[in-house]
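Input: a single structure, listed below in structure tokens.
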Amino acid sequence: MSAAQSLLRSSTDSSLTPHGSDHDLSSLSSPLDARLSYLGTPLKHQSLSAMRQHVLCYVATLTRICLRSSAALLPSFMRDWKKVESTHLPLSRGKHALAALNGLRGVACLIVFNYHFIFVWTHSADVSWGTVIDTEGLEEKEVIKYQGNDQKSPLQLPFIRLIYAGHAMVIVFFVISGYVLSHKPMKLMRAGKFEELQRVLSSSVFRRGIRLFAPTLIGTFITMLFTSAGYFEAGKGERTDPVTYQGNNEEHPILYSTFYEQSSDWLRSVGTLVSNVWCWDLYFNNYDPHLWTIPLEFRSSIVLFVTVLGFSRVRPIPRLTLLFGLVSLCLAYWARWEVFLFLAGMMFAELDLISGIFTEAPLLDEEKDTSRSQRSFGWAWGAIMLVGLFLNSCPSAQPYNAPGYMYLSTFVPEPYNWQPGRPLQAIGGCLMVWSFMHLPKIQRIFTTAVAQYLGQISYAFYIVHGPILHGFGYGFVLRCWSLTGKETNVGFASGLALAMLVVLPIAIWAADLFWRAVDTPCVELARWIEMRLSSGLNDTNER
């Protein structure tokens, strides 16, 4: 080949790239770099078809980025809809029951949302059917709320009122937590694996505070930012009307004039929330008063772990006897209903381990046994469930004036005078959860995909639903009533139902985001911190 031919071929090859061999596309680090390099080429060096191809590539890339970003905002069940399955078929009876507890917790959290959705509008959320309200000692604005209401709505009847009985569902939360947190330690204790038991308890105590308080701190911090931006100010002026707000007029977060004052108030609020774990009084923080249960849950968890450790080497029968005595003292003498619920969950966990429900036999094989004795036990557990549901339906307001609960209220200890419904609710919740563990057919409702999903996001849902309601939900209810009216029962209920159709999906969507972005990483953070500071620890149950 001649020198002229070589020079011609070299110049032809270089013309295939925008700027010759110095900007060869093969030397660029990525296709995007190549496209950017091409765009820098003078127009006269680009063909129209090549330009069109590159424009389409950029549009496709931008679309892909937007779709991926928007997909991250979709609820997890929409992003991974193929993975949403019920869990009841392949599990053994015991694992099936534990999975059902997760679903029960999710449904209970939904009921708490229902309660907070309606409890600002009507005092009937805390009153049972047929209650004769005693207005003596009540403030005038409280008396106005009860005038003209005979408390005869079918929705206030026992059993039915559980669909919005928020206080009753807090009871269920605590029993489930006590049961789940103590299940593995009790199993190790009964197997005599004391060294492993010590590791499990150490890990549980170490991670419990991070697990409970890290998401709440982040959640209240986000609420503080929205408060500082004026997000909660729109509905404040409407809260003074006692005719509209006939229930619990829960205050919005307070707006301060500067961000420094707002953040300082948040620090004081969360500081009290965290330090309040060793104070037995209830504390309602400024940014989400619904989180009053978190210090109670942490404190009761620690008492539970200490009790498991203290009773770990006691023989089963004396251990159950001592535990029953401790549980009774917590409820009847010390008026510590929250500790009673956790320790009752521990007691039920050991009784169920003794009864053998946590076997590895598949659930479907066990259900083929239709012996008379098994059916009799099923009816007995069903009867216990009904008793538990009835007691758990006890109203929070004036149960001593409510049909069906008047006589039972005479047995309520004096320390519960300020919350007279709590002991009956606590006993009912215990009976309900314990019988639930022995009723596989009822458990199936709570191992469906919807119930399991609600169980997964339950803690996040509990944290975010209050700010969602205060910032958007309650104001939206008023807008719906402007369409339906609220002077009649039909208009009142229609407006609430219409608002629920919008507010509930938004709350679930926010809970899903918080679960993925905050709650799950906090669990991983607790595990990571533990593994960095320790070694050789086993995984333990969370919540």
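Cβ atoms here come from the backbone N, Cα and C positions, even for glycine.
Features reported for this protein in TrEMBL:
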COMPBIAS  1-17  compositional bias 'Low complexity'
REGION    1-28  region 'Disordered'
TRANSMEM  98-121  transmembrane segment
DOMAIN    99-507  domain 'Acyltransferase 3'
TRANSMEM  162-181  transmembrane segment
TRANSMEM  212-232  transmembrane segment
TRANSMEM  290-310  transmembrane segment
TRANSMEM  317-334  transmembrane segment
TRANSMEM  340-358  transmembrane segment
TRANSMEM  379-400  transmembrane segment
TRANSMEM  459-478  transmembrane segment
TRANSMEM  490-511  transmembrane segment
Close approaches to the transmembrane segment (98-121) from elsewhere in its chain (Cβ under 8 angstroms; 6 or more beyond its ends): 87-88, 91, 162-170, 172-173, 176, 179-180, 183, 244-250, 290, 433, 436-437, 443-448, 451-458, 461-462, 465-466, 469, 473-474, 477, 492, 496, 500, 503-504, 507, 543
Listed stretch, out of 317-334, 340-358, 490-511, that has the most CB pairs under 8 angstroms to the transmembrane segment (290-310): 340-358
Intrachain neighbours beyond the transmembrane segment (340-358), with Cβ under 8 angstroms and 6 or more residues off its ends: 92-95, 97, 171, 174-183, 186-187, 190, 300-301, 303-304, 307-308, 316, 319-320, 323-324, 326-327, 330-331, 426, 429-430, 433-434, 437-438
For the domain 'Acyltransferase 3' (99-507), mean pLDDT (0 to 100): 90
